[in-house]
Amino acid sequence: MSDSNARKQIALSRLLIESARLIRDVMEGHSTSELLPKVNPEVRSGVHAISFYALRHYGRARGIATQLLAKKAPNALFESLLCISVSLLFAENLQEADEAPIYKEFVILNEAVRACSKMSKTSAYKGLLNACLRNFLRNKDALQANLSEFEIHSYPKWWYEKIHDSYPEKYESILRSDKISPPLTLRVNERKTAQTEYQAMLEDIGVESEVIGDAGLRVAGVGDIATLPGYSEGLFSVQDLGAQYAAFQLPLQKGNYVLDACAAPGGKTAHLLERFDLELLALDIDSDRLAKVQENLSRLDLMGPNVRLQKADASVSDWWDGRMFDAILADVPCTGSGVVRRHPDIKWLRKSEDISKTVQLQRKIIINLWKMLKSGGHLLYVTCSVFQEEGELQAAYFTSILDGAERLPALGHLLPPEQDGFFYALFKKN
């Protein structure tokens, strides 16, 4: 893995302490996006690597930890440290071992006990941790043989069952896709360069890339993307292939008045403006995230008098001036179940009851936006989810409830591992 040598120069016990605290907080409802920026920059990359790896395999590790402990873990921090340590100990036996932070068994054992002794909430239990880890090393095969299917795949039971039932022939590849770090995919800014032209620029600096889609390049071995040629000049953006399809699914013409209803962080907004000369209103409910849209559009030289950004809630109409839109891109809030490989905390943050709440919000947004769409106009409904409730079932509901709605051919569900999980449904207002 990149930066592995630098990580190993920092004591593993220090990384384990910070990672254990982070994962404890994730299990209490906080996202890694919120937590990682608070980690000391000196150890952040190492904590990122270990905690993301542990979150990908946390279900398996927790299933083993439950067997190792005679009773409930003394506290959440101890459980977090134990699960991380167990996941590191079985790293070398995993199919995806090249993605794992690899340490020698004796190093993991010694450093985990040292980390346990240094935290006030766990120091009294360092003997218990030592015994659990040694027990695992002696009986790892038997312990793993006792795991249930949802624990083996490292997902909550309800999530595993939902994917298994929805995709009986594909569920294993979908659930396995989050165990490996996702590829880095660039979207070339067609207003400034061509796909093959930028690929040649990457080749000149020794960066290998693969052409994917109509504007994408999949690259390998890149650390800081800002060091790639043309970043400051706006020659490219980072965007998964699944997200790049949005700008090709929405039928647009020069001069169309377009609403991007849930725009942040602005990747799809920018792609629309790269492909078409539009008048565009980008909406988002969060002012900080809307600032990110402006930052991205400015770097790509896409801000202009034809582009407006507005902080507003797409589920209500108090922001709307009454002017009808030719087209609406509605990349609505969702569970994020399609992007778990990028955000492995999602599967531990979400609860089964979150789906119905999200579905209701999506319906409120689309029903509200539909009245703002011209007759003959198009609305593209998008989620980064693999759950049917946010995909095909939701699209069927909109077809039945929206006045004059005609569902047109679109991509439907896109499933990992070929790209992140997305759903696309296109509607025309007749």
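Including glycine, each Cβ sits where the backbone N, Cα and C put it.
TrEMBL lists 174-430 with the feature domain 'SAM-dependent MTase RsmB/NOP-type'.
DSSP classifies G266 (S-adenosyl-L-methionine binding site) as coil under the three-state reduction. Counting only same-chain residues six or more apart in sequence, the Cβ atoms lying under 8 angstroms from the Cβ of G266 (S-adenosyl-L-methionine binding site) belong to A282, K292, V293, Q294, E295, N296, L297. Residues or ranges marked as S-adenosyl-L-methionine binding site by TrEMBL: C262, A263, A264, P265, G266, G267, K268, D284, D313, D331.
Listed in sequence order, the residues of the same chain lying 6 or more apart from C384 (active site, nucleophile) and placing their CB within less than 8 Å of its CB are G242, A243, D331, C334, G336, S337, G338, V339, D420, G421, F422. Here TrEMBL flags C384 as active site, nucleophile.
Of all residue pairs in the S-adenosyl-L-methionine-binding list (C262, A263, A264, P265, G266, G267, K268, D284, D313, D331), the one with the greatest Cα separation is 19 Å apart. Take the CB of K268 (S-adenosyl-L-methionine binding site) and look out to 10 A: across all protein chains shown you find 23 other CB atoms. With a cut-off of 8 Å between CB atoms and residues at least 6 apart in sequence, the same chain places I285, W319 near D313 (S-adenosyl-L-methionine binding site), listed in sequence order.
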